[in-house]
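Participant: Dumping what Swiss-Prot says about this protein:
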- Ala2: N-acetylalanine (MOD_RES)
- 41-123: domain 'Thioredoxin' (DOMAIN)
- Cys43: active site, nucleophile (ACT_SITE)
- Cys43-Cys46: disulfide bond (DISULFID)
- Pro44: site 'Contributes to redox potential value' (SITE)
- Asp45: site 'Contributes to redox potential value' (SITE)
- Cys46: active site, nucleophile (ACT_SITE)
Amino acid sequence: MARYEEVSVSGFEEFHRAVEQHNGKTIFAYFTGSKDAGGKSWCPDCVQAEPVVREGLKHISEGCVFIYCQVGEKPYWKDPNNDFRKNLKVTAVPTLLKYGTPQKLVESECLQANLVEMLFSED
């Protein structure tokens with residue numbers, strides 16, 4: 001049995017619903033460029049960071065929730081008025097954050113295993 005629950009969502013509305021459904025739990029969210037039918041993201045940094053983030057999940061506390069969120073296609077993401085930028089202050093992908101706290105890793109920080117591990121293991 002997994003020590004944590006993983007939820008995969010696409011878009012801001014699904015992300016918001018997932019957060020509401022897991023209210024009261026510690027939530028980590030990973031924001032990444034959406035993948036095409038072949039499973040390839042338009043965001044090269046996201047492709048590089050994903051295995052580092054996946055490895056870091058070994059350090060997540062029991063009972064936490066990990067939300068894997070695809071932010072949409074590149075034109076939507078680049079719009080300064082998209083919901084992720086306006087409502088969550090997520091301004092770059094990849095971004096890994098502990099929801100409801102100022103703790104977050106942005107872009108190249110998501111490639112640093114020690115930082116990812118630290119984010120997941122802090123209480």
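Glycine is treated like the rest: Cβ placed from N, Cα and C.
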Participant: Would you mind splitting the domain 'Thioredoxin' (41-123) into helix, strand and coil residue counts from DSSP?
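Facilitator: Residue counts for the domain 'Thioredoxin' (41-123) by secondary structure: 41 helix, 14 strand, 28 coil.
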Participant: Tell me, roughly as an integer, the mean pLDDT over the domain 'Thioredoxin' (41-123).
Facilitator: 95
Participant: Non-local Cβ contacts of Asp45 (site 'Contributes to redox potential value') (under 8 Å, 6 or more apart, same chain)?
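Facilitator: Those within reach of Asp45 (site 'Contributes to redox potential value'), by Cβ under 8 Å and sequence separation of 6 or more, are Val93, Pro94, Glu107, Ser108, Cys110, Leu111.
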Participant: Write out the long-range same-chain contacts of Cys46 (disulfide bond), meaning residues 6 or more apart in sequence whose Cβ is under 8 Å from its Cβ.
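Facilitator: Correct list: Thr32, Gly33, Val93, Pro94.
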Participant: Around Pro44 (site 'Contributes to redox potential value'), how many other C-beta atoms are within 10 angstroms of its C-beta?
Facilitator: 10
Participant: Enumerate same-chain residues with a sequence separation of six or more from Cys43 (active site, nucleophile) and a Cβ-Cβ distance below 8 A; give 'none' if the list is empty.
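Facilitator: When sequence neighbours closer than 6 are ignored, Cys43 (active site, nucleophile) has Thr32, Gly33, Lys74, Val93, Pro94 within Cβ distance under 8 Å.
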